[in-house]
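Here the structure comes first, spelled out in structure tokens, and everything after it is commentary.
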Amino acid sequence: RPPPAPPAGSAPGPARPGTKRLPRAIVVGVKKGGTRAVLEFIRVHPEVRALGTEPHFFDRNYHRGLEWYRSLMPRTLDSQITVEKTPSYFVTKEAPRRIFNMSRDTKLIVVVRNPVTRAISDYTQTLSKKPDIPTFEGLTFRNRSLGLVDTSWNAIRIGMYAVHLESWLQYFPLSQIHFVSGEKLITDPAGEMGKVQDFLGIKRVITDKHFYFNKTKGFPCLKKSESSGLPRCLGKSKGRTHVQIDPEVIEQLRDFYRPYNIKFYETVGQDFRWE
């Protein structure tokens, strides 16, 4: 599609190379798992172009149509892959079917982390925006003394990975879904990103030399390349200190998630060692 004509009287700028294409890979989840880190790390690769914002097309904006979605994408050359990320897709019932209808060959990336830690991180983020919400404990249980966990609370529900995965496996084979460990993304970013590059079918360009560990934030940052200035760390909202939670509540949540975790490990053939 030709670029729009410049306004009358303005000098024509250089034509931007490439074409806006629908994404060949989508980071579909999960919220507070490390999806922003994966996106920022993978977009360093010369063969990847990524949309920086979350378009929320397959959950909130589907009515706008595929051409609207395509118009948001960065321009790519034939040799490049377009990637987008919207972590809420993983828990959206309609998303697997909608993505399948766009392209059954879409590669899916799911970043997962210990569901208990993820829930606390999720709550911490909400609390920073809404300081008057109930306590974590109050939201977690329908009945604390009976140990009845409230699975309708989104912060709890998202971590039931095995349940959500079933919807995806109705449309996509496991071979098209890659699971990134949110924990290993911190301890071994180059190793985890090496596997992501293999999954996308691109050369392993992002390696150890791209990362350094930021002790203040507690996670890895991208080293500056020769062409750019400062090192790139994730925004201020990343690496927040989590709210202190009663260890007994954490233990009850571990017990709650254990059967879901085991089923998830068995389904994906990978032990994330959250126990």
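Glycine residues also receive a Cβ, built from the backbone N, Cα and C atoms like all the rest.
Where the annotation comes from TrEMBL, it is an automatic prediction and has not been curated.
Quantities reported herein were computed from a predicted structural model and do not represent experimental measurements.
For reference, TrEMBL has these:
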- 1-21: region 'Disordered' (REGION)
- 23-258: domain 'Sulfotransferase' (DOMAIN)
- K32: active site, for sulfotransferase activity (ACT_SITE)
- K32, G33, G34, T35, R36, R113, S121, K238, G239, R240, T241, H242: 3'-phosphoadenylyl sulfate binding site (BINDING)
- C221-C233: disulfide bond (DISULFID)
* Asked: Of the recorded positions K32, C221, C233, which one sits closest to T241 (3'-phosphoadenylyl sulfate binding site) when you measure Cα to Cα?
  -> K32
* Measuring Cα to Cα, tell me the gap between S121 (3'-phosphoadenylyl sulfate binding site) and C233 (disulfide bond) in whole angstrom. => 19
* Structure fact -> Its Cβ having more other Cβ atoms within 10 Å than any other among the recorded positions K32, R36, the winner is K32
* To do: Between the Cα atoms of R36 (3'-phosphoadenylyl sulfate binding site) and C221 (disulfide bond), find the distance and write it as a whole number of Å.
  => 12
* Could you say which of the recorded positions G34, S121, C221, C233, T241 has its Cβ with the most other Cβ atoms inside 10 Å? => G34
* Mind looking up the mean pLDDT for the domain 'Sulfotransferase' (23-258) in the predicted model? => 94
* What is the interatomic distance between the Cα atoms of G34 (3'-phosphoadenylyl sulfate binding site) and C221 (disulfide bond), given in whole Å? -> 13
* To do: Please report how many Å separate the Cα atom of the residue listed as 'active site, for sulfotransferase activity' from that of C233 (disulfide bond), as a whole number.
  => 16
